[in-house]
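Below is one structure, written out as structure tokens; the observations come after it.
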Amino acid sequence: MTATAHKGKLAQMRQRWSDMPKQVRWAGLAALVAFFYILPNRWFYEYLGFPIGSEYFAFYTTRSDFAAVLFDTAVFVLLAVGLNVVVGFTGLLDLGYFGFYAVGAYTVALLTSPASRLDLTWPWLAAVPVAIVVTMISGVILGTPTLRLRGDYLAIVTLGFAEMIRLYAARNDGLLQGQRGIPEVQHPPGPMVDGRPLFGVVDSKPYYWLILTVIIVIIFAMRNLERSRVGRAWVAIREDEDAAEIMGVPTFKYKLWAFAIGAAVGGLTGAIFAGKQTFINSDSFLLESSILVLAAVILGGAGGIKGAIIGGALTWYLPEWFRGFGQIIGLDFDTAEYRILIFGLIIIVMMIFRPQGLVPNRRRAAEFADRRKEAVPQETVPSE
Amino acid sequence: MRQKLARVLGGVAISALVISGAAACKADSGSESSGSSAACDLKIGFFGPLTGDAAGLGIHMRNGTKLAIDQYNTENADCKVTLTEYDSQGDPAKAPALAQQAVGDPKVVGIVGPAFSGESEVADPIFDQAGLPIITPSATRPSLSEKNWKIFHRGVGNDTSQGPAAGRYIKNVLKAEKVYVVDDQSAYGAGLVDEVKKVIGAVAGEDKVQVKQTNFSAVVSKIVGSGATALFFGGYYTEAGLLLKQLKEAGWKGTMVAGDGVNDANFIKVAGNAVAEGTILTCPCAPATEAEGSFVNDYKAAFNADPGTYGDVSYDITKIFLEGIKDGKSSREDMLAFIKAYNKAGTATGVTYKFESNGELDPAQVVVWAFKVAGGQVVPDVEIPKA
Amino acid sequence: MNFAEFFGNFPALTITGLEQGAIYALVALGYTLVYGVLRLINFAHSEVFMVGTFTALWTWEALGYNQNTAAPAFGAMLVAVLVGLGAAMAASALTAVTVEVVAYRPLRKRNAPPLAFLITAIGASFVIAEAFGVGTHRAPFGMPVMIPSETLFTVFGAAVTNIQLLVLGVTLVMMAALDQFVNRSRLGRGIRAVAQDADTAALMGVNKNRVIMLVFVLGGLMAGVAALLWSVRYGYTKFNVGFLIGLKAFSAAVLGGIGNLRGALLGGLLLGIAENYAAGLFGGDWKDFTGFVLLVVLLMFRPTGLLGESLGRARA
């Protein structure tokens with residue numbers, strides 16, 4: 001019962017927020033965005049008087065570079081936002097999302113690297129749209145035969161496809177250069193004031209700002225998409241595919257669109273990742289990561305963009321932060337080895353207390369409430 | 001509450017942006033000033049997998065590094081060196097964040113690692129830009145030394161020294177007529193097999209296996225069917241142990257030869273003494289002799305386990321850094337110069353560490369030994385002559 | 001592609017493929033049973049298997065065997081294997097039930113959405129695997145040789161060993177027993193009833209929680225048997241050994257029609273053979289790839305697997 005009371009409070013807060021004048025809400029959002037932009041700067045914490053990694057500012061990752069962790073976290077957030085189109089909006093269970101990420105990264109690597117067997121050495125910026133188109137096409141190719149499957153069968157088939165992509169990349173010694181991988185992938189362009197390239201290898205901050213900007217653009221696009229005809233069709237498919245079909249929604253077409261758009265975001269993420277990483281081999285696209293992205297979407301509360309963002313951020317950031325957790329709480333004990341264990345425990349506990357996700361989508365929450373009502377007779381049966 | 005929080009954050013954000021210039025200057029001057037206090041309180045980083053699939057390899061290297069540092073710290077209790085672990089999980093995608101962290105900590109004057117070639121491709125450019133010297137105990141991809149990274153050093157011979165030597169052993173010592181080659185598709189394993197094939201010429205057959213695989217029945221049938229008397233396996237100890245076990249169960253009588261990725265106590269642990277008996281393991285290292293040091297015993301005492309592959313190399317190269325620190329080399333440039341000029345034998349491996357300008361071990365110093373499994377122990381067999 | 005080699009080894013590839021497939025099938029039963037009743041992909045089942053292998057190893061070590069002791073005489077071997085079997089089955093069942101009670105039951109009480117179960121399953125899998133990883137220093141472990149491999153007879157030139165017969169025999173016996181249990185016994189009827197229509201079954205007086213518990217116990221017991229057979233056959237374990245086996249077994253369950261007991265057997269054997277043929281024909285690096293191709297292609301033509309979902313149907 002405490003859970004519902006808590007939820008009430010949260011809903012109240014949400015209500016108050018949406019009752020605020022539009023200007024205030026925009027200013028609040030702008031401040032939040034500005035905050036994210038200055039987050040990786042060391043001087044920010046020094047200016048605030050928080051020594052890094054101290055008990056005053058415990059959220060700084062002390063064992064891996066904060067800006068780089070923020071970049072990786074942002075990669076995960078973008079992936080979660082992309083997968084949310086498929087899993088959250090449309091309700092299709094996709095366990096192989098990393099396959100698209102791999103396709104995007106490999107496309108950029110092949111087109112831009114002087115070490116690639118294609119020997120094209122395109123600039124990074126020219127390769128990105130190609131990567132997006134290629135992943136979109138691969139999404140359609142994958143989706144056309146598989147989207148007739150439902151639920152868990154779709155999950156295992158997408159998982160199979162992602163594994164096929166990875167295994168093929170690992171064993172293809174020709175174009176993809178096997179496990180030796182493709183080195184010397186080009187960075188995004190752009191000089192700094194002093195003429196040095198903005199996107200180098202030592203500093204992750206420019207990459208973080210780049211991907212943060214991309215995330216913001218994608219979020220706006222997604223919000224519009226969600227409220228468009230396409231978005232409403234997706235929700236209809238999620239709630240009841242058969243009913244949607246009968247009401248005249250061409251479900252297959254819209255499912256394919258969801259797949260293609262999700263894939264395109266995955267490909268874009270892969271392209272940015274390749275541009276920063278400079279080296280690509282199949283080790284970066286393990287199945288475990290694919291499952292983690294799905295976990296991120298659901299942890300945050302599938303269906304809403306906010307949920308995807310928060311889920312994605314926590315899924316990457318928490319384990320990285322746990323590396324230095326022992327130090328932060330002043331223990332002479334290295335928590336790095338336990339970080340995945342602790343993360344697993346957090347998932348279990350979080351799901352028990354917030355099964356609908358951290359920030360459930362309002363409409364989704366209503367669906368669950370319906371389910372709950374329907375399920376009442378079953379609960380009244382004395383059990384245990 | 002939420003809008004309040006947003007307001008506070010926004011206010012902080014905007015004011016921070018305004019004063020950013022001044023603050024940035026302050027930050028730059030603040031972080032570098034602590035370097036003058038002699039060569040104390042410095043850090044040596046270990047970069048490699050400590051969790052994840054490849055952790056079994058990384059932990060031995062970390063232990064070797066830790067042992068060297070712990071010994072140094074007991075001898076120099078007033079001026080300690082700290083070991084900082086960068087657990088990459090062997091995943092190139094995780095490498096940049098860790099490498100940038102190491103680079104951003106001015107107290108880190110040297111890195112033992114990165115352990116694998118894949119993560120080296122990603123992390124080494126970062127170390128290079130920051131001038132942070134590294135010595136890798138185990139990344140043996142030949143092309144790593146061709147990238148003009150001035151900070152790169154390799155404490156072992158690369159695949160082009162070990163692979164041909166293993167091939168020569170099979171050809172000249174085992175005198176095997178029919179040789180089957182198998183690799184695990186890793187850059188390391190496939191690279192070794194390529195080099196071995198170049199030396200022995202025609203092979204009786206070749207196949208690939210997958211890492212984490214446990215059922216090798218298909219490749220076992222092929223090897224037994226081919227009538228090969230020797231098998232070269234390019235890969236790591238777990239798969240090697242399982243493959244050999246299943247081969248022996250299928251009645252195969254030949255000899256397995258494998259590289260340093262298998263030269264690990266865990267190989268015998270997986271296969272069992274009886275199965276592992278007679279296996280030849282090559283290693284671009286020399287056997288530890290009693291006169292040279294008590295590494296093996298110290299390691300056992302400290303970690304309650306036999307030192308695994310590259311544990312000894314890690315120990316020796318950590319000692320190079322420690323000698324530099326002892327010598328008062330407290331900056332990265334000094335340390336780099338110290339390593340470039342280094343020329344001394346390591347106590348655990350017996351290898352003389354002298355680096356060429358591209359970071360490779362001096363070819364004259366690269367020795368490749370064949371070890372043999374006898375009675376559950378890896379014992380030195382013979383030094384494989386050059387060419 | 002190497003046809004000469006492939007056809008030369010064809011009988012041997014078939015036999016070893018069946019043997020591998022049998023272990024997939026036993027693990028697949030756990031996925032299928034839980035899925036049939038709860039519509040849940042129990043990702044943690046791979047760790048249930050892993051716990052079984054470690055239990056077998058530790059039991060044998062406690063009995064004084066290690067990988068370097070000589071294989072015991074027949075009587076002692078029988079005792080050791082049976083004790084190991086009992087321990088592995090008990091430990092696996094206990095692990096499965098613990099996951100159900102600690103992780104899934106609270107979710108069911110709150111009527112959580114199906115996706116929440118999926119994520120909890122992933123979390124539970126992380127926790128168990130990592131706990132063993134930390135506890136065993138992520139080292140690989142060789143196991144004592146309990147039954148030395150002996151060739152009993154040959155079929156078309158392929159040797160058939162005692163262990164292969166044991167693995168296949170035990171699998172078929174366990175499958176038949178489970179099939180009979182689900183189809184004939186009172187408890188089995190409860191399982192089928194809940195699988196068919198949980199609400200109606202509850203109204204008819206079937207205790208749903210007890211049935212669910214039973215399903216986890218049965219899945220765990222089967223995983224325990226698989227773990228023991230695995231230990232006898234491959235003599236090896238590691239903290240992450242469950243991941244790949246779990247993935248394959250899950251694929252096998254889907255291949256045969258998830259929720260269908262006989263489908264799990266069929267899917268397991270088929271997957272085992274197909275992988276071996278692919279490894280023989282194209283090379284070992286195509287093994288997993290081919291497994292997934294088979295799965296994807298098959299689902300295109302039979303979207304609910306070879307035998308269809310049917311734990312609830314009378315046929316089971």
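Yeah, the Cβs are placed from backbone N, Cα and C, and that goes for glycine too.
Here TrEMBL flags C:22-41, C:77-103, C:115-135, C:155-178, C:211-233, C:239-258, C:289-308 as transmembrane segment.
Taking residue pairs at least 6 apart in sequence, the transmembrane segment (C:115-135) and the transmembrane segment (C:211-233) share fewer than three C-beta contacts under 8 angstroms. Comparing C:22-41, C:115-135, C:155-178, C:239-258, C:289-308 for CB pairs under 8 angstroms to the transmembrane segment (C:77-103), the maximum falls on C:115-135. Contact counts against the transmembrane segment (C:155-178), taken as Cβ pairs under 8 Å, peak for C:22-41 among the stretches C:22-41, C:115-135, C:239-258, C:289-308.
Nonlocal intrachain contacts for the transmembrane segment (C:115-135), taken as residues 6+ away from its ends with a CB within less than 8 angstroms of a stretch CB, comprise 38, 40-44, 46-47, 50-51, 54, 95, 99, 102-104, 107, 239-240, 242-243. If one looks beyond the transmembrane segment (C:22-41) by at least 6 residues along the same chain, the residues whose Cβ comes under 8 Å of a Cβ in the stretch are 48-49, 96, 104, 114, 117-118, 121, 167-168, 171-172, 174-175, 178, 191, 194-195, 198, 211-212, 215-216, 218-220, 222-223, 225-226, 229-230, 233, 245-246, 248-250, 252-253, 256, 258-261, 263-265, 267-269, 271-272, 309, 311-312.
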